[in-house]
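The structure appears below as structure tokens.
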Amino acid sequence: MNALTAVKTNADSVTRSDAGFTFAPSVQSPRLLELTFSAKTTAQFLQQVEQWPVQALEYKSFLRFKVGQILDALCGNQLQPLLIKTLLDRAEGALLINAEGIDNVEQADEMVKLATAVAHLIGRSNYDAMSGQYYARFVVKNVDNSDSYLRQPHRVMELHNDGTYVEEVTDYVLMMKIDEQNMAGGNSLLLHLDDWEHLERFFSHPLARRSMRFAAPPSKNVSHDVYHPVFDVDQQGRPVMRYIDQFVQPKDFEEGVWLSDLSDALETSKNILSVPVPVGKFLLINNLFWLHGRDRFTPHPDLRRELMRQRGYFAYSTRCYQTHQ
């Protein structure tokens, strides 16, 4: 694992609309920041990237960074340092991002372009085996027969980290709302690791560092298991996690009981945030010290929600940011 820490920059002061966006703490928590691109910035960005369809971003990976450069330039080159600082800051590490004028499923391709630009200002999104691309789009409906909780609407999808069953580093997760019809409930659930009341109890347990087997169901298109502990530490010795209840495979009674207790302790935390994410908005979180999940939906025969995700690793210039003890 490689949780990184940012050197402080003057990005703290970037809250002005003249930068092309606004930036402020969310109503849910000061750890979760809201970033909103102005209608002017959004329109200029879409106009400048119109020449590249989403397929071009799929086929030519360097274009993902180019669209990021365009977005950053429209924001006076103040966006990238702010994103990096926020994602690496242990006290924050989460963003709810909105672009004025993008709020309809008919703009799905524009949503993918915007999310791609933001993600590739902080790093690179990994190959997603479920979709065969660097991003995945999937639909939640009222009835589901899939082999994981990802698309099941009428139950809580428990708190977890992404990237637990792959070997690639998964520093960040991006989750975007593309469409929503006949929908009530289903808020995103977030828990910052430092706000979890039972962290010390489980982090100090002998099983916290034991390598465990993680195996994905067939729909994930991953053919081999991976092994790693549930807990690790960052460069400064602070706890980080790689955990998901559905895919960890305890080898014995001791591991099974400990994992069950851990799951219960996460789900009963009093500090879970419930965050509505309207169509066109997306969450971007540090995957190593934020856990995420989803609340249940209210049943409806025509329920439909479409989501897009990207997950990847941090990469940035060490002239401004570095790891340190």
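Quick reminder: no glycine exception, Cβ is built from N, Cα and C everywhere.
Residues or ranges marked as Fe cation binding site in Swiss-Prot: HIS160, ASP162, HIS292. Under the DSSP three-state reduction, HIS292 (Fe cation binding site) is assigned to strand.
Around HIS160 (Fe cation binding site), a 10 Å sphere centred on its CB holds 21 further CB atoms from the protein chains shown. Report note: the Fe cation site is defined by HIS160, ASP162, HIS292, and the residues of the same chain whose CB lies within 8 Å of the CB centroid of those residues, excluding them, are LEU159, ASN161, VAL173, ILE244, ASN287, LEU291, GLY293. There are 22 other CB atoms within 10 A of the CB of ASP162 (Fe cation binding site), with all protein chains counted.
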